[in-house]
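Have a look at the structure below before the remarks.
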Amino acid sequence: MSGNLQREALLKEFENAGKMIHAFDTAPEGNGEEDTITELPVVKNPGLGVSSETKAENMEDTGFPRWTEFFAKNETVSLPNRNFTFNTYFQVPEVNSSDLSSIPIFLAHHGAGSTGLTFAPLAKTLKEDLGTNFGFFSFDARGHGETKPLDPTDVTYYLNDFVTDFVELIVWFYENYLKACKQSKLSLILVGHSLGGSVCANLYEHLPEYIKRHTTGLAMLDIVEEMAKFVLTKVDHFLSVTPNVFGSAKEAVDWYQSHNYSKLKESAEISVPALFHKAKSGKVVRITNLASFKPYWDSWFDGLSAKFVSLPTSKLLILAGNDNLDKELIVGQMQGKYQLIVFQDSGHFIQEDVPKKAAISLVDFWKRSDNRNVTIKTNWGSSQNKTLEGKKTVE
């Protein structure tokens, strides 16, 4: 598709303010008959904070599901050198309980205006598939959810701020929880939705070597540089027609559902209340002020596609409802530099709308990216499977 034709398509797609974030369809999570998947290329992998258990629930009286149904722990992590206390959610694999040759640890970063609980449905679905033999880490980024600045007068929102925050949180998680795991089994997968995808793509090179060597791949959810930059030009109008105050958390959930911003009710009931805090009046008020990020938008997505394609690790891009790629991604796809999956029945929040499909895709990505999981089934010597590193499965 030429640049002009693609831009015209994007203009049509986003001319309606209600479709600013993504062109939603109304289909429920389906059987995937129209989804598209490309092959995964074979790639060879190239100050700690103080934490405390979060004691109170911001919206605990909503009657909706609590974080405990999705994660094992919810801790507040203080990182003075980052000027923030971060609200984190995570699941730690059971030590010495796995017969797997590798244990996946998914490290997730949400997009602008969201919170760490956007990954709750995905984490729960992964647990249903993998049991206790996996880890998952999610958190509220600066300016979002229950994460708070130590000095509110000295806060910026450049891409590098988000990147450095996440790097330090990954180090904290590794030092405090992952060191107890058998190091030879660790397989870290970076997962970023929207802005979080840009954060993950840019942080890879900043990871300490002792963590980078365990990093198996990067999965970006519904983010394309050219489209993301265009969407930012429409945010002002989107904000002008989006309510910041609701009479209750239930009203907020109902609004998101009725406007197709969340396709699964069970996902909306955990992710939407986390976007608001309860005022003394009893009403709920949106926590994140997206308008305050405007001076920093130019730094968020510049060069993302080229960065993603060139990363020296396995890469997965999952898009929702369309397959519009910019030039860098088209060339990279033709060269087999990353795997592409398109879900036709999902909105922008893939991890909420189709958590089962997203989980299946991430598990498959992990297994195919980590050579320790690959086996050859032989017809000689023994009926048992023999594991050979670096080979594909052969019947």
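Don't overthink the numbers, they just go from 1 along the chain as shown.
Glycine residues also receive a Cβ, built from the backbone N, Cα and C atoms like all the rest.
In the three-state DSSP assignment, the secondary structure recorded for S194 (active site) is coil. Annotated active site per Swiss-Prot: S194 (among others), in sequence order, evidence recorded as similarity to another entry.
A 10 Å cutoff on Cβ-Cβ distances gives D222 (active site) a total of 27 other Cβ atoms nearby, all chains included. The active site feature in Swiss-Prot is assigned to D222 (among others); the stated evidence is similarity to another entry.
Taken from Swiss-Prot, the feature active site covers H348 (among others), and the record attributes it to similarity to another entry. Mapped onto three states, the DSSP output places H348 (active site) in coil.
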In three-state DSSP terms, the structure that D222 (active site) belongs to: coil
Cβ-Cβ distance under 8 Å to S194 (active site), same chain, at least six residues away: H110, G111, A112, S114, L221, D222, I223, A228, H348
Neighbour count (Cβ, 10 Å) for H348 (active site): 25
